[in-house]
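If you look up TrEMBL, you'll see 21-44, 56-76, 88-108, 120-142 marked as transmembrane segment. The feature domain 'HTH LytTR-type' is assigned by TrEMBL to 201-287.
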Amino acid sequence: MAKTGRGPVVMKAFFRSYLKALGLPIVPIAWVLISILGVAGAPFGTSGLSLFNRILLWPALVAAGIMVGTALRVLVRDYLGFRRYWPEVPLIAVLSAVVLAPFFHLLARLTGAPLRSVPGLIELAVNIFVVSMVFSSFRHLLGEKFEPVRPEWHSSAGPASVETTLDAVSALATGQLAAVPEAEPEVRLLARLSATRRGALIRLEVKDHYVKVFTTLGNESLLMRLADAMAETEGVEGLQVHRSHWVAREAIFGLSRERGKYALMLYDGTQIPVSRSHAPRVLALDLPELRDGA
């Protein structure tokens, strides 16, 4: 049986993805360029501020937008499993507007701007929503130009040794989070699932005479043999680690060992046992070894 829990592992995975996304080359470039545009153009009612105050305000606004937008994108794409234009882009835009509008409004007031020049909360929220929609739509239009080299995810599972690419965008910047790879329609096993469960494949688990298929959009039981189910995962890199378990390679966070027994830790905290017969293949992956409490 797979064990679940390990909240610290989930949080650690989240921050690894988050920090890696903030470290993308596009992030500082976007921060500098958008800050310059904000200072020079003085949009969103900041024209009433002095040049000095705009120089203080805009870099802070852009930095906050990038940080919050990156976190929201991790949550929406990884935890909620939304990676298509709809509802990912509108949802991130709405969340960005709700989270950032009050902060931006307060920050503008703290710079000493005349009250009449500071946009109201609703106006700020609308502006943030529009900017976020434009940037995210542009990214989707380009076909996810900044693709992850190796995604890092959490949903029901996630990879060990990975790199991400994040859409660091909220009201002001762009990047792309490597979260779970998009579900490939050519993966035959996914065609057996309900349309609402056809996310990226994470793992398979035998339950009685059924195979429980876990994806980023939930799980569903199919009446079939594990061997047949694994044959239909072609297109997704993965391996059988136990007579009752198959795991997608991109779902593995690390390897733990207790009393001589190995187990795979997935990004959502699920622990999958590794049988002795499958241990050599798992060890050949050279996974990071996790200590208890990691």
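Every residue gets a Cβ built from N, Cα and C, even glycine.
Predicted automatically and left uncurated, TrEMBL annotations should be read as such.
Here the structure is a predicted model, which means the values were calculated and not measured.
Within the domain 'HTH LytTR-type' (201-287), the DSSP-based counts of helix, strand and coil residues read 14 helix, 45 strand, 28 coil. Note on the domain 'HTH LytTR-type' (201-287): mean pLDDT across this stretch is 92.
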